[in-house]
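**Student:** Have a look at this one before I ask anything.
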Amino acid sequence: MTTALRQRESANAWEQFCQWIASTENRLYVGWFGVIMIPTLLTATICFIIAFIAAPPVDIDGIREPVAGSLMYGNNIISGAVVPSSNAIGLHFYPIWEAASMDEWLYNGGPYQLVVFHFLIGIFCYMGREWELSYRLGMRPWICVAYSAPVAAATAVFLIYPLGQGSFSDGMPLGISGTFNFMLVFQAEHNILMHPFHMLGVAGVFGGSLFSAMHGSLVTSSLVRETSENESQNYGYKFGQEEETYNIVAAHGYFGRLIFQYASFNNSRALHFFLAAWPVVGIWFTSLGISTMAFNLNGFNFNQSVMDSQGRVISTWADILNRANLGFEVMHERNAHNFPLDLAAVKAPSIIG
């Protein structure tokens, strides 16, 4: 009898826990994805903060020349970073227990893998949690679809690119100047500025910013007057009110006359779908571009494409970009190799006659 009561009590406790996890009445929704998301993101955040402040230098190139990234080793907020794991580790999974000592783990950049893997699992689960909450509230699932764009971008630079290049040392450093260094080296090695998918991503991000500003300014300029000139116009809106707070007909008429009629949306639902879809699709394409360049399917090469009738090269923007790429190439990882492949493969100019 006692055993049966204890089983019923434990079952009730489990049911209560399940109900609490899945309850939409909590101040912050937890969800089953949240059960994984919360510890992984906390782990990534705590390890990142500690490593950013106090991690010792990391032998990123695997040539016994450690690179310092933490604040305690002379960096500031701009120059500091969690340095990627060593090229000597390559693509090996490198948890703490794989190293002979904590010093070795830190020297080889173990914290980078710990932060990145927990962070990726955390943001995957955050996306799943968005779907889960939408499902329980009876909403459509497009919020998590939109969030998949930055998730895809993070996955591309932290996971797909290192996998394609053969080492986590090629992943993006976790810092401001480290991010810029990653971008410059990526341009040097893959000519990303000449990749059409990157161009679509630029159009998505800049276009999304433009459309967001246009939409916000149009709505703000066509608000229905509910307040006096001495009050904030924000007091003219009450949360949950049924009537429109701005005149979409006036906004449509203004924009249609400013450009032309069919450049202006007359359907609020179609407009907001467009505002969401444009940057999301652009970032999807950029993520896909990085994922293809990870395997060295690089941007277009139009070097020395234009020549005069005598066969002399007429330099174009592509040639200027190529020279910049070579400059980036020779400046990064200076001691890891004597000559970059691009320069070593060039035939030496003749000095005879």
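Even glycines carry a Cβ here, placed using N, Cα and C.
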**Student:** Which range, 175-196, 197-218, does Swiss-Prot list as transmembrane segment?
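**Tutor:** Matching range for transmembrane segment: 197-218.
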**Student:** How long is the line from the C-alpha of Asp170 ([CaMn4O5] cluster binding site) to the C-alpha of Tyr161 (site 'Tyrosine radical intermediate'), rounded to the nearest angstrom?
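**Tutor:** On Cα coordinates alone, these residues lie 7 Å apart.
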**Student:** Given the recorded positions His118, Tyr126, Tyr161, His332, which one's Cα is the least distant from that of His198 (chlorophyll a PD1 binding site)?
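**Tutor:** Comparing Cα positions, the closest of these recorded positions turns out to be Tyr161.
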**Student:** In whole Å, note down how far the CA of Tyr126 (pheophytin a binding site) lies from the CA of Glu189 ([CaMn4O5] cluster binding site).
**Tutor:** 33
**Student:** Rounded to the nearest angstrom, how far is the Cα of His190 (site 'Stabilizes free radical intermediate') from the Cα of Tyr161 (site 'Tyrosine radical intermediate')?
**Tutor:** 12
**Student:** Neighbour count, 10 Å Cβ-Cβ cut-off, for Tyr161 (site 'Tyrosine radical intermediate'): what number do you get?
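**Tutor:** Total other Cβ atoms inside 10 Å, all chains included: 22.
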